[in-house]
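Taking it in order: structure first as structure tokens, then the write-up.
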Amino acid sequence: MALAAWRCGRGLGGVGVALTVWVCLSHRCSEWLRCCGGGEPRPRTVWLGHPEKRDQRYPRNVINNQKYNFFTFLPGVLFNQFKYFFNLYFLLLACSQFVPEMRLGALYTYWVPLGFVLAVTIIREAVEEIRCYTRDKEVNAQVYSRLTARGQPPAAQPWGRAAEWRAPPLLSTGSCFLRTDQLDGETDWKLRLPVACTQRLPTAADLLQIRSYVYAEEPNIDIHNFVGTFTREDSDPPISESLSIENALWAGTVTASGTCPRRGIELRSVMNTSNPRSKIGLFDLEVNCLTKILFGALVVVSLVMVALQHFAGRWYLQILRFLLLFSNIIPISLRVNLDMGKIVYSWVIRRDSKIPGTVVRSSTIPEQLGRISYLLTDKTGTLTQNEMVFKRLHLGTVAYGLDSMDEVQSHIFSIYTQQPQDPPAQKGSAPTTKVRRTMSSRVHEAVKAIALCHNVTPVYESNGVTDQAEASSPSESLFLPCKEVALVQWTESVGLTLVGRDQSSVQLRTPGDQILNFTILQLFPFTYESKRMGIIVRDESTGEITFYMKGADVVMAGIVQYNDWLEEECGNMAREGLRVLVVAKKSLAEEQYQDFEARYVQAKLSVHDRSLKVATVIESLEMEMELLCLTGVEDQLQADVRPTLETLRNAGIKVWMLTGDKLETATCTAKNAHLVTRNQDIHIFRLVTNRGEAHLELNAFRRKHDCALVISGDSLEVCLKYYEYEFMELACQCPAVVCCRCTPTRDREKRGPVSRLSVLADLPVWSVRPAGDGGNDVSMIQESDCGVGVEGKEGKQASLAADFSITQFRHLGRLLMVHGRNSYKRSAALSQFVIHRSLCISAMQAVFSSVFYFASVPLYQGFLIIGYSTIYTMFPVFSLVLDKDVKSEVAMLYPELYKDLLKGRPLSYKTFLIWVLISIYQGSTIMYGALLLFESEFVHIVAISFTSLILTELLMVALTIQSWHWLMTVAELLSLACYIASLVFLHEFIGLGKQPMGGAFDVYFIATLSFLWKVSVITLVSCLPLYVLKYLRRRFSPPSYSKLTS
């Protein structure tokens, strides 16, 4: 995000100096700009070498991704904790103990648990902030060189790295290449051009000697366009050149020399960045709802206790004391246990050797992986490998596939070997020869057009061997960079090789090693609006000027001359899963081109509505072009995509695929990937343009049942505009949805209405969108309930913004079926058991108070009340995070087990009520049993009941566990040993014998046989019925997973 004003590149050698406007594409709203003193965003003029002429204040040239600073850290963390009811309740509870009339015990019994919870949270936030600060400091401390009139002294200044670039041998002429894969997902090297008039300056320092300035438009979020001008006033006449996106570099790149009109929060890369929301999983929301129910129960129990006292005396104070007395109904340890469980789940996911490279970037929502209902996925780079392979060349009357490419090669060979020898003789040849030569000429024109109309630059190593071809398309989205490279590599395979290219010329090598030279007169790159690219070249051998163009069939159909095969053949190739390009040409006379160039240059100098004026001039040439051919390339599926999608479908997850391909291509890909089963009906939502058509089509769609939906982006936009709720209701019932011809805006609109939506993306490149659409996918990931990023060839920005990052699409199956399922079921069991543990002791307190005339006297005080939920029961209860009902192999083999989780049965009001009844039963049994069996030893009621309570909790953990782990056994034995040791060595410290009921703690008393068998009877009565019920339930109504493990 941050910029350097100047940076000197290597290899200039005095040949020339390139002035490149460093437009660092930027972010933040006008409020931010006003805070920086800049007022409303407005255009800026930068004078070279004259900083005193600066008319606006620049924002600070730093990046800051921290949530807090030194002064706001502690207040901010505490505010974020106590703004939730759960934590605020315990804060008020602890503060109430400073009031003498409301104090029920030692202060540490309330403040120590709360302090522990806050300490864990503060430490976690501090670690994350320190890591973020370290990353920001590393970026901001990078050193750059600034060009001044006195030279280039090094200066350590804030520097932000947003993209990479490398300088090929062309740097001596001033042009360079850069990559933006970390910003927009494009893996191609993009060509950036200098201002032409600065190329004649001998050194970089001469830039400060001329009188010139750069005009830059106001900051905005559009990263694919830039409007500016470069003006040199000291020349005769004054020179004014237009500046576009081709003259702009991303923040963090290294250029020969340039000026920086924008920096800091005005950068467009910053303006396109939104702060990710703090995600709260559905499981956490359900737990919060249960705690509110428990709070309601707390209030009711307190009111009942006071009502049974007939509201005597200071009854309002008694209500407050009872609220404190029964505060254990809401367990403070619940949040700590769940947070620690999330850390364990994240650690297990990262350590899984079967999904290597998986990264958990959000450890707060692992349970959400077990609740996914909808999966919204990109196609290119996610389901496919993003490796294009040339498959088909169609000339209208004949088509060439992979098995007939040798015929194309022979046609090219015949053109360049026979034609130069005796051209006149060819006109008088036999008819069969004429047909062959006519077809050869058509093939040659098609291949030559493909070899010339692109943005690919060959790169050579020092030994002269071609290293690789790099595509450059500043706004290419419809046809991916790798698609252009595939086309150029194919032309090389058939005999016409691209051997050289710079910003002004192209060289091709024929099969006879002859070099064909072409001068590039104009280049029209891909844009989302045009969906096509074009190039005007001059053949240096003949002087002919030709305009070549390639693009999508939807736009090229209205540009080429009338024909009767274009639409049909495009549909046929799309149904085979091929991505189609239409290639055309138009010959231009010298006068015609000169007229066009004059109008084109004038349009490019416009500051207002430049894009519209330029497009209008270009469209004047795009008429009655000669259709040459269709090309078809294929993007192959990733490994194991089909079984993974089948697994997701069997698990009850509905997959929505968004792509920019044609409807036929998207349908073919969906079938090929098994997103749609072979025997499943497909409803193709016809194109609608208004409300009436949408209403009729929705009614027709409503009559379909259990069929996949294929809809175009235009129709989707109309439906979401007029019938959003109705459309989403119908679409959510479909087993699969395919949205073709999807644009970035539609991607954002489509994500909102879907409940429990998971967004899966690699830095995806949506086919019919502008080339920098990675930021949109990041936004979708951040807005989803659970975002999963795939690290693909398009960079890591989506995976870095995702909650979970995987390296291959097939890993998604195990991530959901095994880890998502286990995380959700374990957290459900853990949360309900923690609630049971607190309700059990609260039930005992209620019985105790009822027996002694509803007195607000605590049953347990001091260390007992803290030790109960920590050292005595914490380890066995927390060991439930290691429990699992089935093996991972079984979970992958039977994805139907995942479907049961979508109903939320592991944690529901039904299961919550069952655990409440169990807690009331066990608490009442233990307390009444202690009163009945130990009537003569009533002075030892605390030790008796507490011992039974501990044993009951340990046995209940054993009852809940379904698959034993050795750590579970250790936790059980360790907790029991800790309790016995505390009875023997810490009996005075823990407060036994100092209870309100009086009596001294007698170690010899609990060692008697009478004590042991009576405690055993109480524990047995509280647990045995539950064991019997569990056995009967598994015997007569077993859960689905038990049938697979028996």
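Every residue, even glycine, has its Cβ placed from backbone N, Cα and C.
On a predicted model such as this, the values are computed, not experimentally measured, just so you know.
Taken from TrEMBL, the feature domain 'P-type ATPase N-terminal' applies to 51-111.
Per TrEMBL, the feature transmembrane segment maps to 106-127 (among others). Tertiary neighbourhood of the transmembrane segment (106-127): same-chain residues 68, 73-74, 77-78, 81, 87, 90-91, 93-94, 97-98, 332-333, 335-336, 339, 861-862, 865-866, 869, selected by CB-CB distance under 8 Å and a gap of 6+ residues from either end.
As annotated by TrEMBL, transmembrane segment applies to 289-309 (among others).
According to TrEMBL, the feature transmembrane segment maps to 315-334 (among others). Among residues of the same chain six or more beyond the transmembrane segment (315-334), those with a C-beta under 8 A of the stretch's C-beta atoms are 86, 89-90, 93, 96-97, 101-102, 104, 113-114, 117, 287, 291, 294-295, 297-299, 301-303, 305-306, 309, 831, 834-835, 837-839, 841-842, 845-846, 849, 856, 858, 865, 869-870, 874.
The Mg(2+) binding site annotation in TrEMBL covers ASP378, THR380, ASP773, ASP777. For ASP378 (Mg(2+) binding site), the number of other Cβ atoms no farther than 10 Å from its own Cβ, over all displayed protein chains, is 31.
What TrEMBL records for ASP378 is active site, 4-aspartylphosphate intermediate.
Feature annotation from TrEMBL assigns domain 'P-type ATPase C-terminal' to 800-1038.
As annotated by TrEMBL, transmembrane segment applies to 834-854 (among others).
Listed as Cβ neighbours of the transmembrane segment (860-882) (distance under 8 Å, sequence separation of 6 or more from its ends, same chain) are residues 104-106, 108-109, 112-113, 328, 331-333, 337, 340-341, 344-345, 826-827, 829-830, 833-834, 837-838, 841, 942, 946, 949-950, 953-954, 957, 960-961, 965, 967-968, 971-972, 974-975, 978-979, 982, 986, 989-992, 994-995. For 860-882 (among others), the entry in TrEMBL reads transmembrane segment.
Using a Cβ-Cβ cut-off under 8 Å and counting only residues 6 or more beyond its ends in the same chain, the transmembrane segment (912-934) has close neighbours at 290, 293, 832-833, 835-836, 839-844, 846-848, 851, 940-941, 944-945, 948-949, 952, 956, 1014, 1017-1019, 1021-1023, 1025-1026. The feature transmembrane segment is assigned by TrEMBL to 912-934 (among others).
The feature transmembrane segment is assigned by TrEMBL to 940-961 (among others).
The transmembrane segment annotation in TrEMBL covers 973-992 (among others).
Sequence-remote contacts of a segment are chain residues at least 6 beyond its ends whose Cβ falls under 8 Å from one of its Cβ atoms, and for the transmembrane segment (1004-1029) they are 918, 921-922, 925-926, 929-930, 933-934, 937, 940, 943-944, 947-948, 951-952, 955-956, 959, 983. Residues or ranges marked as transmembrane segment by TrEMBL: 1004-1029 (among others).
Summed and averaged per residue, pLDDT over the domain 'P-type ATPase C-terminal' (800-1038) gives 84. In this view, THR380 (Mg(2+) binding site) is surrounded by 27 other Cβ atoms within 10 Å of its Cβ, with every protein chain counted.
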